[in-house]
Amino acid sequence: MRAKPNIVVTGTPGVGKTTHAELLARNTGLKHLSINDIVKSEKCHEGWDDELETWIVDEDKLLDTLEDLVAPGGQILDWHACDLFPARWVDLVVVVRCDSTILYDRLTARGYKGKKLEENMDAEIMQVLLEEARESYEEEIVVELKSDTAEEVEGNVERIEAWIAQWTKDREDEEEN
Ligand code: DAT
């Protein structure tokens, strides 16, 4: 049994996953795992998709790479997908959401355009990641948090910290009994 929880932070690109994961890691000492960075650095991909301007992920290799990292717990898995991660790895799934007008501005500021911009905007409006999370994990461990403003990020991270404290206490109580 892991002593610290593994937390998935997911959502459409631009909603604020990295912002949340970094602050949460700073406040709690959990480790921020940017899955995008791991895909690149560990070469868990089969090349580059020119049209969508993204790596074509080798899912088996990615899971093999992550397995040892998540085993001890205490990892924040930051990625724009979540159904890939086995449920046994995951204690909490945070789906970060954002108002679509705000998201549009963030993505265009990041240089997204054409099909890539359109697909990501559609994904947020259709709440694709929220549905994916709800289909892949127990309902009780999936939380949806709004991230339109900096104040909301702080409030969300406080909420996750409170959840971690409760999770840790429950584990300790279980061990005593
Ligand atoms: P993601 O990791 O989901 O792609 P990010 O954390 O990199 O998103 O954030 C994208 C941009 O939006 C970045 O410039 C920071 C900004 N941002 C994120 N969440 C925000 C919030 N709640 N309020 C204001 N700006 C935010």
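Just so it is clear, glycine is given a Cβ too, placed from its N, Cα and C backbone atoms.
Residues G14, G16, K17, T18, T19 are given by TrEMBL as ATP binders; from R88, R110, R134, that same site also lists R110. The region 'NMPbind' annotation in TrEMBL falls on one of the ranges 34-57, 58-81, namely 34-57. As annotated in TrEMBL, region 'LID' covers the listed stretch 109-119 rather than the other ranges in 109-119, 164-174. Sequence-distant neighbours of the region 'LID' (109-119) (same chain, 6+ residues past either end, Cβ-Cβ under 8 Å): 13-14, 51-54. Here the region 'NMPbind' (34-57) has a mean pLDDT of 94 out of 100.
According to DSSP, T18 (ATP binding site) sits within a helical segment. Taken in sequence order, the binding-site residues G16, K17, R110 that lie near ligand 1, meaning a CB under 6 Å from one of its atoms, are G16, K17.
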